[in-house]
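Data first, discussion second: the structure below is written as structure tokens.
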Amino acid sequence: MKVAVLGAAGGIGQALALLLKTQLPAGSELSLYDIAAVTPGVAVDLSHIPTDVTIAGFAGTDPTDALVGADVVLISAGVARKPGMDRSDLFNINAGIIKNLAGKCAEVCPNACIGIITNPVNTTVPIAAEVLKQAGVYDKRKLFGITTLDVIRSETFVSELKGISLADVEVPVIGGHSGVTILPLLSQVKGVEFTAEEIATLTPRIQNAGTEVVEAKAGGGSATLSMGQAAARFGLSLVRALQGEEGIVECTYVDGGSEHATFFAQPVLLGKNGVEEVLAYGELSEFEANARDAMLEELKANITLGEEFVAG
């Protein structure tokens, strides 16, 4: 199993690479790529960690060598948010980066599963899809927007609020991956009751948690370490599913035939070909149903923006 990380020299990429080096199954290959000259050195640094995962690093303008034979490609390349920016401010820079890297994946590893971390995910995933379609290699089962950070934040905040073990907390998160498009389904957390006030406080905290980190870092970065952990959780789940482990479910932003939008995050059963089955997200509370309906205009506009970017 070969996993490639594109954008591996950045804050998310390095955290993700560390977790993959220590947690990928024995015999896996890990390939790191970034335009930054430091990238081969990041690989050398990680190579000193004693695990049965081989690692190589590549720098420069062409990721081809990193992508040859890749089964999974995780893309975190791009610029990060700074105070005062929202995810849409990132669009002009990151859209072009994703377009180029998706094109390289189409050319070098057309059968790989691709997980997009680069924001704005609501838009960068449709960009990748359009590029893959133009190349004639699009398989909607193999393209994912990694929204796992919204899930782990939800689990953490619920655990803290209710004083319960994280082992007992599962929170499905549907919709998209920015602001009001992030919808944690708190009504579905088993064994936990929330007051209307708790839901009204917790939901926006989850939606705006990225801004909380950006502001706390005072211009020194965005959520890199927690995002690295979230991407590793998703990537490792995907690897296990590709290797035949059954029953692995993660929430992710996919082209899954949703009645709401072309791309929509919801629980997905992963399998040997990527998406095995898009699962129903169950019954919503009145608050959640209203929030879902209210987000759709923004989510659809984000998707259209990506499609039109590739169409030119």
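Placement of Cβ uses the backbone N, Cα and C atoms for every residue, glycine included.
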Additional site residue, Asp34, Asp71, Asp255 [criterion: listed by Swiss-Prot with Gly7, Ala8, Ala9, Gly10, Gly11, Ile12, Gly13, Asn94, Ile117, Thr118, Asn119, Met227 for NAD(+)]: Asp34
Gly11 (NAD(+) binding site) versus Asn119 (substrate binding site) - Cα distance in angstrom: 14
Residue among recorded positions Arg81, Arg153, His177 with Cα closest to the Cα of Gly7 (NAD(+) binding site): Arg81
Rounded inter-Cα distance in Å - Gly13 (NAD(+) binding site), Arg81 (substrate binding site): 15
Binding-site residues listed as Gly7, Gly11, Gly13, least Cβ neighbours within 10 Å: Gly11
